[in-house]
Amino acid sequence: MEKLTFLSLLLHFVVFIASTIPSSSFLLNDRTFERSNLPSTRAEKLIRELNLFPQQDLNVIDVADLPLTAAEGPGIVERKFVFPNILADGGPTVDDLGHHAGYYKLPKSRGASMFYFFFESRNKKDAPVVIWLTGGPGCSSELAVFYENGPFKITSNMSLAWNEYGWDQVSNLLYVDQPVGTGFSYTTDKSDIRHDETGVSNDLYDFLQAFFAEHPKLAKNDFYITGESYAGHYIPAFASRVHKGNKANEGVHINLKGFAIGNGLTDPALQYPAYPDYALEMGLITQKEHDRLEKIVPLCELSIKLCGTDGTTSCLASYLVCNSLFSGVMSHAGGVNYYDIRKKCVGSLCYDFSNMEKFLNLQSVRKSLGVGDIDFVSCSTSVYQAMLVDWMRNLEVGIPTLLEDGISLLVYAGEYDLICNWLGNSRWVNAMEWSGKTNFGAAKEVPFIVDGKEAGLLKTYEQLSFLKVRDAGHMVPMDQPKAALKMLKRWMENSLIEDATVTVAAQGGEELVAQM
């Protein structure tokens, strides 16, 4: 039972924060709001501007408007597709590639279907299967398809050009629109919307079972889970669900070898207090501003403790309190892009993804994909709201078991991202309790080399690796596509350090030798 007395204290604290930190004018579209309705109003306003959230509803459609590829019963309906205007400057022809799109009707739902893309590897059919999950919660994985690591990039004239550094170069690549209501995924009943990682991970596990039943040859391949941002919640829960299914001999055995989290939110208790420290280090705030924000940290930490792993109302209160740290930084940072502090935030998303939305709403594209009349939006506010109580929960708790059972974890983070910064990610990775904690903590950072140049700083011990990526923000595959592809390839080959022995000049003229 949640401690409502302390919850009341937390909500009064949010009122105090709103009146003392000028950041409320940054995070709120309206500069004034009714404090009597603080929790719902504040939460709704925060939703709209904190993390890639246009103000559209989730895809709840009428049965008469079901997509052409909708499954009649639980299972997958998949088709090969060809995008219009895809070949720009040579490269492989569409006939050489296996591009698939489909819907999976969720068995544990009233009328929900998840949309997915599947791109066969350009080179080796026995390459690992990699699934990518975009965060949000409620943001479509098509963001990654067209702007990060998919087979092609969308150009200014709405045509597609081949992506030289698409992850389908080294893997069979899956992108799923999830949770239900995200992107082209839809439901005919609002009761299907998910509110926690249990529902999300069960849906993804059911999808994988159906996908490998549809593609039995791929079930023999190694399998990796990847993603970024709020996928720092999805990925550990999903990996644990797959591992649990394997141990219980449920359905098709999935050869889970590892999972990778890019600029994720995984352990809020260690990541939120990093906001003032990161902002000070990067020159976004002064020491005085840092010290003022530090006074909020203890109550943020206490509110997260109240939230625990299964709280509800207390987790919403924790979200409101702890985001005062983020909003406090932003009130002094001005119009900085919190996904890449080297840039200014332009538009409601800080990035311009409008060409993708226009492209995916073209009738020719819709016909190719078989998605019917579903309106595509990059991110769903309603999905975000539904998952809000999940935000402050700690998803690190299930990771040690996976590491102990030999499943690899790579955490990577672009150095210029504020919202899921490398410092907070480094802290939870180093603090995690597992048998290799001491040795990982003692491991030296070594350069991550791409084409003879340092592309990041790498720390690794046995199954656990942490990579700070140079010259990148929140979306590493977008900012550093070549380094991101090299990272994925080497990680799957268990060779993140390129050579058997790397010698680099360390501070003070000493030499640091990194052994694989």
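Cβ atoms here come from the backbone N, Cα and C positions, even for glycine.
Of the listed cysteines CYS379, CYS420, Swiss-Prot assigns the disulfide bond with CYS139 to CYS379. In space, HIS474 is the closest of the recorded positions CYS139, SER229, CYS307, CYS322, HIS474 to CYS345 (disulfide bond), judged by Cα positions. Between CYS307 (disulfide bond) and CYS139 (disulfide bond), the C-alpha separation comes to 24 Å. When the Cα of CYS322 (disulfide bond) is compared against those of the recorded positions CYS139, SER229, CYS379, HIS474, the shortest separation belongs to SER229. Each residue contributes its Cα atom, and for ASP417 (active site) and CYS350 (disulfide bond) those atoms are 12 Å apart. Annotation: CYS420 are the recorded positions among CYS139, CYS379, CYS420 whose CA atoms are within 10 angstroms of the CA of HIS474 (active site).
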